[in-house]
Amino acid sequence: MTTTKRPIALLILDGWGYRENTHMNAIYHANTPVLDRLNAQYAHGLISGSGLDVGLPDGQMGNSEVGHINLGSGRIVYQELTRISKAIADHEFEQNPALCDAVDVAVKAGGAVHIMGLLSPGGVHSHEEHIEAMCRMAVARGATKVYLHAFLDGRDTPPRSAKGSLSHFDDLFTTLGHGRIASIIGRYFAMDRDNRWDRVSQAYDLITQGKAKFQYDNAVTALEAAYERNENDEFVSSSAITDSEGKVASLNDGDALIFMNFRADRARQITRSFINADFDGFERAVTPKVNFVTLTEYAADIKAPIAYPSENLVNTLGEVLQNRGRTQLRISETEKYAHVTFFFNGGKEEPFNGEDRILINSPKVATYDLQPEMSSTELTDKLVAAIESAQYDVIICNYPNGDMVGHTGNFDAAVKACEAVDACIGRVVDALAKVGGECIITADHGNAEQMTDETTGQAHTAHTSELVPFVFVGRDATIDEGGKLSDVAPTILHLMGETIPAEMTGKPLIHVKE
């Protein structure tokens, strides 16, 4: 006889922060009767999802990858940004074996060192300080042909803010005496994660052949021309930068290609296009044999040297539930599916025993302000059915809308996104009530609560460092103040009556009144 489950659901409202300032605050201005009622009726508070509380530098805004690793592991996880920055400060970076080997082999063969990555101070997918350290190290080890392929941000930074970074690197290469910016392209193309290979192919052709929609003799000139075409940083068309003789850079056999993004999800597709022999996402005109190095581990099936391999996290929530014979479901749309699976499980691809997964396809639109509800209705249909099936002890669900629509900078669309999510939460809470289940509602980081930059007046498309909501829809309870994302997994185990493993340093935040 099958035991009926009374599930605990964790609803992660991506990009849903709390901000006192109501100006251009899409969450405040949205009509959210369900969340208003739940906040009035149940125990609630605010927790931290940024900075030192999630293993990032002090004051650094949170992000989805970091947030889900902390949520799932039940401990503050030392993030790649902090780890690599520390290695640079300690002069360990310049001795990194994977990076040194790639440079040395290229130099010995008379080849070039190509460095690609998101040229941004955003700190979400990369940091330009890391890219600078790599350029300096390559020249210091004897490389005379150093080519930087700059992916432009405008998403975790203001929409038109790349000029300072490009100017800085022009000056850097002048100071070093070798190297140059070889190409620029928006992250929309180079860092797609939704199998839109027509975008990725443009970045691939640009890096391998110097084949581009536009050609300029200077990166800042190329950027200014993009702005004239009304392209913000994120959407800058492929632009090859020529040398003093009018030649473009190309990727050749024996060259080194070093990918300086440290976050995995938006690095995987373009990486596979370079290294997979059986790659079929698009027709590759050339397939140069290069020494490809990734800064961190992007996926278990990506076979390339890794400068900073992942630290092994044991006894994450998923693993503990498996070891205790519990069942669990992970569910989200394409855009955040990796976050409720790979990242929530501490960087492990394979599901745990008793872990089911449901992937809902995100809508195929150019930008999500065109469909702010995304696939939330279908996602909720599947989630409600899973609750009603009484198969699961724990359900982890991510609603991507607040973040994905927040990133577009479209205030009205972000309001609609929040309203769509609120309606879905109502359905989920009702379904849980019918089976005696309980629910924690929180977020991984802020975004939609700030849709304009108060200083520049530009659209605010980045994450924030605001606190995020923490609501317990269940038994009468109190919630501790001062919580953080790493307290969520221990809280779930505590509510289930399970012991918390020693590796989880977070503390239960919810205390049920007897």
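For all residues, glycine too, the Cβ spot is worked out from N, Cα and C.
Since the structure is predicted, the reported quantities are computational estimates derived from the model, not experimental observations.
Copied from Swiss-Prot, the annotated features are:
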ACT_SITE  S64  active site, phosphoserine intermediate
BINDING   D14, S64, D444, H445  Mn(2+) 2 binding site
BINDING   H125, R155, D156, R187, R193, R263, A264, D265, R266, K336  substrate binding site
BINDING   D403, H407, H463  Mn(2+) 1 binding site
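Within its own chain, D403 (Mn(2+) 1 binding site) has D14, G15, W16, S64, K336, D444, H445, N447, A448, H463 as residues 6 or more apart in sequence whose C-beta sits under 8 angstroms from its own. When the alpha carbons of R193 (substrate binding site) and H407 (Mn(2+) 1 binding site) are compared, the span between them is 15 angstrom. When the CA atoms are compared, the binding-site residues lying within 10 A of H407 (Mn(2+) 1 binding site) are D156, out of the candidates H125, D156, A264, R266. Of the listed binding-site residues, namely R193, H407, H445, H463, the sparsest Cβ surroundings within 10 Å are found at R193. Taken residue by residue with DSSP, R193 (substrate binding site) is part of neither helix nor strand, so it is coil. In the three-state DSSP classification, D156 (substrate binding site) falls within coil. Listed binding-site residues: D14, D156; maximum Cβ neighbour count within 10 Å falls on D14.
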